[in-house]
Amino acid sequence: MISPWDRYTTSCCLCCHVRTGTIILGIWYMLINAVVLLILLSALNDPVQYHYHLTSSDLGTDLDVMDDANMCIAAAISLLMILICGMATYGAYKQHAAWIIPFFCYQIFDFALNTLVAISVVVYPNTIQDYLQQLPGTFPYKEDLMSTNNMCLVLAVLLFVGCILAFKAYLIACVWNCYRYVSGRSTTEVLVYVTTNDTTVLLPPYEEAIAIPPKDPPPQYVSA
């Protein structure tokens, strides 16, 4: 009997294989992070044009939103994400299970962060109003959002975060099933190879095993 831990599905959304879904997901994440990295590098090259130096006078706060050090850190994170997603895509395509693990760990970490956001909204519902007050005055519909009931804002944020968590959980299950499929396929191939070689070494060929060896002729009778 197969245990629940050993059960996994090989199909995902749109009825495609989990390997195909993981490859598409890895390429999609690589494209997003590549666009982000391109924007960050362009902003570092020409900060005046992109206006990423938002000071306290622009936002009405005591902290600067972004400086060169933070931009470099964000660019390094985007580059690391491109590497991790590329490893997952290569691992799913070439069926190397170990290459998928970093991307799976990133998904777990991202899911945990979003869960903490949902918990913080439930525990501290006033943080939404504080966050809206920190937004710049040019932010669209800022006044309308601040005039909305706090409970409605909390429910809307929880519903939005809940949908995101459900979608991320599905993607995590997809990548996990791909890892189980690739690792199980590799294990099966190794077992078949070992069994085949052991059989070849230990057992004689079929024709030789069923062949009956000829009997020795009886000794000739010698008269005295």
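Including glycine, each Cβ sits where the backbone N, Cα and C put it.
Annotated features, as they stand in TrEMBL:
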- 21-44: transmembrane segment (TRANSMEM)
- 73-93: transmembrane segment (TRANSMEM)
- 100-124: transmembrane segment (TRANSMEM)
- 153-176: transmembrane segment (TRANSMEM)
Interface-richest range of 21-44, 73-93, 153-176 toward the transmembrane segment (100-124), CB pairs under 8 Å: 153-176
Residue numbers, six or more beyond the limits of the transmembrane segment (21-44), whose CB comes under 8 Å of its CB atoms: 12-13, 50, 52, 68, 71-72, 74-75, 78-79, 81-82, 85-86, 88-89, 92-93, 100, 103, 171, 174-175, 178
Tertiary contacts of the transmembrane segment (153-176), as residues 6+ beyond its ends and Cβ separation under 8 Å: 8, 12-13, 18, 21-22, 25, 88, 100, 103-104, 107-108, 110-111, 114-115, 117-118, 121-122, 125, 128-129, 145
Residue numbers, six or more beyond the limits of the transmembrane segment (73-93), whose CB comes under 8 Å of its CB atoms: 19, 22-23, 25-27, 29-30, 33-34, 36-37, 40-41, 44, 99-100, 102-104, 106, 175, 178, 182
